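TrEMBL lists 70-90, 110-130, 217-243, 295-316, 337-356, 376-402, 414-438, 444-467, 474-493 with the feature transmembrane segment.
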Amino acid sequence: MDNDNHLIESLLKKFDDPSQQILPRVSVETFIFGEYYMKNDALEGNPWMKNLPSHYPIIKQNKKVRTSKILLFTALALTAALSAPLAFFIDATSQELLILRLYLLSLAESHFASVLIWVSYSLILALIAASFGDWLCQAAEGAGFAELRVILTGIEIPNFFGWKTLLAKTFGLICAIGAGLSIGKEGPNVHMASIIAERVISLGPFKRFKKEINLRYIVLTASIAAGTAATFGTPLGGAIFGIELTGTYFFVNNFYKSIFCSLITAYLFKILQSFKIVPQIGKVSYDHHALCGDFYLHIITGLFTAIIGVTFVKAVQKLTKFKNKRVIPWLYHRYRYTTVISVFTSLTTFYAFWLRMSDAILINLMFSSDKLPDSWIGSEFLGLPGQFPILILVAFLKIILLTIDITIQAPVGFFTPCVCVGAILGRIFGEFSLFLGYSTSPGIYAAVGAASLATSTTHTLSVALMIFEMIEDIHFLVPMCLSVFISYAVSSYSHKSIYDTLISIKNLPFIPSYKHWPIFHDFAKDVADSSIHCINRYCTIRDLVDAFNDCSVFSVRPVIDDDFYLIGEINATNVKKYLSYRFENDTNHLSVRAKKCIWNELTQTSNGPDNEISPDMIEEVEEFWQSPVNLWSEKLKFNTSPLFIAEQTPLYKVHYIFMMLGLMHIYVVNQGKLTGIIAHSCFSQKSGNYL
């Protein structure tokens, strides 16, 4: 016993002494391309570590990694340098179209002519905007934010990053804004920035970034920050906004890359805006505002904007569902629907002349610490000053127009109009605080209301930071945080964000964040699909073709041995290349009719008599079909390390793995033997049960 105690004490002493540890304490720094470099100050004093094989990557980063980091930041800089001028071009061109409409209106000599010019001009541009999705690319319609969130989880959407999409998005957005529709441009700007990023990493020096999933994720995430900065010139708010919307989990190491991209974009944004061609949200100076007797008004502002935001999201959801179900069949044709919406919007803005102002001008007017112009002051209403009826009317009409305008089939956004409506609602509370006798600036309430309404619709807290960056004043930090957090809490409890709502409406395969506990009681085996067709390691070409001819939604097939142990997987795309290669090389000695028969079966085409096999052809055709498959062929690219989990793995862990790694599927095994497969759609389809 004494000897045992002595042995334990000696082992403990060696464990406490860093120089005697078998595996000394290390810190691992992860650089791009997944290479690891370990730093260890106890390395030289440990003889065991000195005997490590020479292929262990220890001590410092090499030249290859430094070059790759330079290329990565070059790609981010190019994305930023191209995103800002494109956004400015859209702003300037659409602004000229709006000025042209006012000029044409001034030429009218009668009321009827004025209405006709106003409505016709808006209608023509709105129809042109809707036609881009019909003629060029349908992926350009909408904001694009919902689709981008799905892509960042590993799903590919056809044509989303194409050149035609960029062209249709650019000119469609210009026409939609020029038509006077109540839409924003932040979502489309983010989509266009992501297209630019995807095109940049498709160039020669950067092609490796497109193949590496993690690096492509970094560039696309940074493009979200670039698109936001190109809209508002807010580098920090844009980067954090991108983090909040890309998914539930974010790698902090990627944050400074998003900041780098958004800083360059914001710098170019400020340079281009210095020409003062397009009105922008300007800086405002407020006095220090501390919560005193009017704190309850900021609480009410947060609650009220949360209710308005949730109502707006639900209204958009209802309208979109009615449109998809074609409740009124004659109305929902692309051009008829656009015509009805455009005519209604233009008539509303013609008679409610306050809505003729751009969103930036309206926001500046609401944020101002000065009194409202005389045109915003009417007769008293229920004993309240005359600005209240007009502010309430403008806010009501603005939210109605925003709700219906973003449902047309054209490039549209909604963030800036949401900020505008929130600013008007906040100004109402600000004017009411003055009416009650509080010595505060109503512009502070407008800024608080703008951030609160945008937060309630998007479920992002970074909107407050973006408002601070735009107006360059932070004296009202406490009331802003109070109202924004209340709005976020109420809206997130009541309904999904508008982005999640659009994802569910479009039936996009997105993995949500589970908030309730039922998922913690399930295991991987409870949701695994055991009906997938497996391939034996000694399979023939016939077995390979049959395995991929079933109706499974999976594009891969697992490879097992005779005892059902999982040894790898094969992708359908590589199988097609391999079969074409085998057909070209293994059928040279066959007759023309036999080759045609084999090819028709490979391509699943039917040519009548050509598919009939005569008795003399059976042997040569079967010779091809029964030939063994070479799993190690370069064409097949056999994956010998597929991801798999045990049957008893809790489902919440599986959910975490899918979200972190962006997986499309994962295998379920029992002591190494394949028992099923879990698909990405498993969680997106069950989201309604657990959210």
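Backbone N, Cα and C define each Cβ position, glycine as well.
Predicted automatically and left uncurated, TrEMBL annotations should be read as such.
The largest share of C-beta pairs under 8 angstroms with the transmembrane segment (217-243) comes from 70-90, of the ranges 70-90, 110-130, 295-316, 376-402, 474-493. If one looks beyond the transmembrane segment (70-90) by at least 6 residues along the same chain, the residues whose Cβ comes under 8 Å of a Cβ in the stretch are 32, 170, 173-174, 177, 185, 189, 192-193, 196-197, 200-201, 205-206, 209, 215, 218-219, 222-223, 226-227, 229-231, 257, 260-265, 268-269, 272-273, 278. Below 8 angstroms of C-beta separation, residues 228, 232, 234, 236-238, 240-241, 243-245, 284, 286, 289, 297-298, 301-302, 305-306, 308-310, 312-313, 363, 366-367, 414-415, 418-427, 429-430, 433, 476, 479-481, 483-488, 490-492, 496-499 of the same chain, each at least six residues beyond the ends of the transmembrane segment (444-467), sit close to that stretch. It is 295-316 that, among the stretches 295-316, 337-356, 414-438, forms the most Cβ pairs under 8 Å with the transmembrane segment (474-493). No contact links the transmembrane segment (337-356) to the transmembrane segment (295-316), because fewer than 3 Cβ pairs that are 6 or more residues apart lie under 8 A. If you look at the transmembrane segment (376-402), the same-chain residues 6 or more away from its ends with a CB under 8 A from one of its CBs are 181-183, 308, 312, 345, 348-349, 352, 354-355, 414, 417-418, 420-421, 424-425, 427-428, 431-432, 435.
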